[in-house]
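Structure incoming, see below.
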Amino acid sequence: MFKIGVLVSGGGSNLGSIIDAIENKELNCSIEAVISDKPGVYALERAEAKGIKTFVVDKKEYKQETSNKILEILKDKVDLIVLAGYLSILNGEVLREFRDRIINIHPSLIPSFSGPGMYGIKVHEAAIKKGVKFSGCTVHYVNEEVDGGEILLQQVVPVNFEDTAKDLQQRILKEEHKLLPRAVKLISEGKVEIKDGKTRIIE
Ligand code: GRF
């Protein structure tokens with residue numbers, strides 16, 4: 001069974017989409033752990049309601065050791081780490097140990113509106129301000145560069161003139177909930193090749 005660990009920081013709607021995909025038998029994998037860098041977030045309640053093991057690695061307590069503590073929990077336990085609304089930056093040994101086995105979902109078409117400081121509603125505010133006609137979401141591999149790893153999947157979402165940042169966020173979130181489970185499925189089925197900084201899907 002393909003095993004995953006999911007990192008969260010907030011509401012966990014992307015975690016919920018993975019849980020739903022597993023329950024609907026669209027995704028043949030098991031969530032071995034849900035780890036939050038913040039206590040008391042709803043993502044933890046979502047996991048606990050399904051009997052999934054949860055951990056809190058409070059970034060306020062662990063600070064620069066947060067990534068190392070996450071590695072300690074997940075090393076040799078999972079095949080893939082999925083960042084689902086995780087807001088801390090992963091760094092250090094975990095990136096080496098899980099090279100090409102960590103993915104993240106970002107709510108824009110990377111490289112637009114991505115990189116340090118670009119997360120949550122700020123991404124959509126920047127897109128609205130710039131007047132782009134399309135935005136979207138991206139699943140990418142995680143490396144040392146924030147939002148810099150190989151792009152795996154992207155989904156385009158139209159931006160309407162009268163959209164607020166919240167309108168756009170909600171429209172993109174719906175697509176995130178389809179894209180992330182699809183990415184996990186492709187990887188779990190061994191259908192992704194990473195080469196020369198790009199990915200190829202072998203359907
Ligand atoms: C989502 O927009 C996701 O793209 C970003 O974090 C936001 C919240 O995600 N990474 P969730 O509802 O906590 O899964």
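Glycine too: its Cβ is placed from the backbone N, Cα and C atoms.
The active site, proton donor annotation in TrEMBL covers HIS106. If you look up TrEMBL, you'll see GLY12, SER13, ASN14 marked as N(1)-(5-phospho-beta-D-ribosyl)glycinamide binding site. The feature (6R)-10-formyltetrahydrofolate binding site is assigned by TrEMBL to LYS63, ASN104. Among the features that TrEMBL reports, domain 'Formyl transferase N-terminal' is placed at 3-184. The site 'Raises pKa of active site His' annotation in TrEMBL covers ASP147.
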Non-local Cβ contacts of ASN14 (N(1)-(5-phospho-beta-D-ribosyl)glycinamide binding site) (under 8 Å, 6 or more apart, same chain)?
ALA84, GLY85, ILE105, GLU176, HIS177, LEU180
Excluding GLY12, SER13, ASN14, which residues of the same chain place their Cβ within 8 Å of the centroid of the Cβ atoms of the recorded N(1)-(5-phospho-beta-D-ribosyl)glycinamide site?
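Once GLY12, SER13, ASN14 are set aside, the remaining close residues are VAL8, GLY10, GLY11, LEU15, GLY16, SER17, ALA43, ARG46, ALA84, GLY85, HIS177.
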Counting only other Cβ atoms and using a 10 Å cut-off, which of the recorded positions LYS63, HIS106 scores lowest?
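With the recorded positions LYS63, HIS106, fewest surrounding Cβ atoms within 10 Å: LYS63.
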Looking at the recorded positions GLY12, SER13, ASP147, whose Cα is closest in space to that of ASN104 ((6R)-10-formyltetrahydrofolate binding site)?
ASP147
Of the recorded positions listed here (LYS63, HIS106, ASP147), which is spatially closest to SER13 (N(1)-(5-phospho-beta-D-ribosyl)glycinamide binding site) when Cα positions are compared?
HIS106
Just the recorded positions from SER13, ASN14, LYS63, ASN104, ASP147 whose C-beta lies under 6 Å from any atom of ligand 1, please, or none if there are none.
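SER13, ASN14, by Cβ distance under 6 Å.
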List the Cα distance (Å, whole number) between HIS106 (active site, proton donor) and GLY12 (N(1)-(5-phospho-beta-D-ribosyl)glycinamide binding site).
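Cα of HIS106 (active site, proton donor) to Cα of GLY12 (N(1)-(5-phospho-beta-D-ribosyl)glycinamide binding site) measures 14 Å after rounding.
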